[in-house]
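The following features are taken from TrEMBL:
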{"type": "DOMAIN", "residues": "140-464", "note": "domain 'PDEase'"}
{"type": "ACT_SITE", "residues": "216", "note": "active site, proton donor"}
{"type": "BINDING", "residues": "216, 217, 218, 219, 220, 260, 369, 420", "note": "AMP binding site"}
{"type": "BINDING", "residues": "220, 259, 260, 369", "note": "Zn(2+) 1 binding site"}
{"type": "BINDING", "residues": "260", "note": "Zn(2+) 2 binding site"}
């Protein structure tokens, strides 16, 4: 080709992909192809075309694939970023929807309570249910508890410290506020560095996990806790630190609050005879009391309900073990064993002896658990009706299922006087009189009311016996006339 043709026309020739083009002058030297190259050069320039070899072609393909992989990698990173952003948006949405979840849980709780009430009326035993389902009630609460904090009058504050406190005049929210006050007044909130909102949540969780039984319900829980608070004040346990520590006070109060959690309304005897899931789970050893402990610590395991969250681990382990010990002590099957142990210690009681103090705490919670007859008659007697109603529900069930029936629970054999006289004479008075040896100040306000209650029911029994005898005489008289 002569130099009279513009060099760029050569590009019109069809060339294979990746063909190398080189320009050389007549001497064989390479000519640089760039914008500064003069057009229509008079010199003859040769063009050398080098088609790529098979290896070079393969190398070029590999380079292309590598470039494509890099491109995909960058797109994956972009995709990851997009997914992360979308997940963050979803998590925020779930958080914003949290209140709706709380409302759903409240609705579930209401339905559960309604189911329990219906079950008790038709005679079905809640113990037959799968207890693992009851764990649903322990779902975390994301809201601040809505029960109002009542301003307690000075009169109420003083009455709370006495066994004469009338527990029937208070609704659940008021009882919750009274319990909250007790924890603050005893110095437990400060001692355990409790978050006050956590205390409110815990108390509300406790209340929600007591069933609507005739007797073993949240009001009974409040009764036992209020009596414990009264005994702590009456025996000056909180003022005389050389007797017991604030940690001991916290253990006593918390065990009292939790001692009957999720009670199904049917006692251990029924659980064992009917071979319920609870009896099987706990090998017939205090099935209900073990269950109360388990539910108590399920609630405490929720971060928003853990009143002991700021307690050191080792101290918490000791508190947990002590609470379990006290709740298990409320099994009446162990009454004789525990009272005998205390009787052997009381005459030479040593407040520096850990074993002695533990035994005293076990007796104190037992006293509070069965202390209704310490209260005035108008407060105590309705509790007898509640207890008998629960007993009769169980004995009716036992008769239906062909299980043994305890005479003191049989509606055909028991009356209020016969139910109470033996219990007061052989259980309550001996136990409280033993505690009296250690704390003489309880005689007038606790032991004497028990004696008065015994006398009251013995009088009622005499009246009942006289009426029964009169009916027998009348029936015999009518029978004679017919003959």
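Cβ atoms are placed via backbone N, Cα and C, with glycine included.
Sorted by the number of other CB atoms within 10 A, the recorded positions 216, 219, 220 start with 219, the lowest. Considering only the binding-site residues 260, 369, the Cβ with the fewest other Cβ atoms within 10 Å is that of 369. Rounded to a whole value, the Cα-Cα separation of residue 369 (AMP binding site) and residue 259 (Zn(2+) 1 binding site) is 9 Å.
The Cβ of residue 218 (AMP binding site) has 21 neighbouring Cβ atoms from other residues within 10 Å, across all protein chains displayed. Cβ packing within 10 Å was compared across the binding-site residues 217, 420, and the lowest neighbour count falls to 217. Between residue 220 (AMP binding site) and residue 259 (Zn(2+) 1 binding site), the C-alpha separation comes to 10 Å. Residue 219 (AMP binding site) sits 12 Å from residue 259 (Zn(2+) 1 binding site), taking the C-alpha atoms as the reference points. Here the candidates are the binding-site residues 259, 260, 420, and by Cα distance the one nearest residue 216 (active site, proton donor) turns out to be 260. Residue 259 (Zn(2+) 1 binding site) is 11 Å away from residue 218 (AMP binding site) when you measure Cα to Cα.
Other than 220, 259, 260, 369, the residues of this chain whose Cβ falls within 8 Å of the Cβ centroid of the Zn(2+) 1 site are, in sequence order, 216, 221, 223, 224, 256, 263, 330. Rounded to a whole number, the distance between the Cα atoms of residue 259 (Zn(2+) 1 binding site) and residue 420 (AMP binding site) is 23 Å. The distance from the Cα of residue 217 (AMP binding site) to the Cα of residue 259 (Zn(2+) 1 binding site) comes to 11 Å. Per-residue pLDDT, averaged across the domain 'PDEase' (140-464), gives 95.
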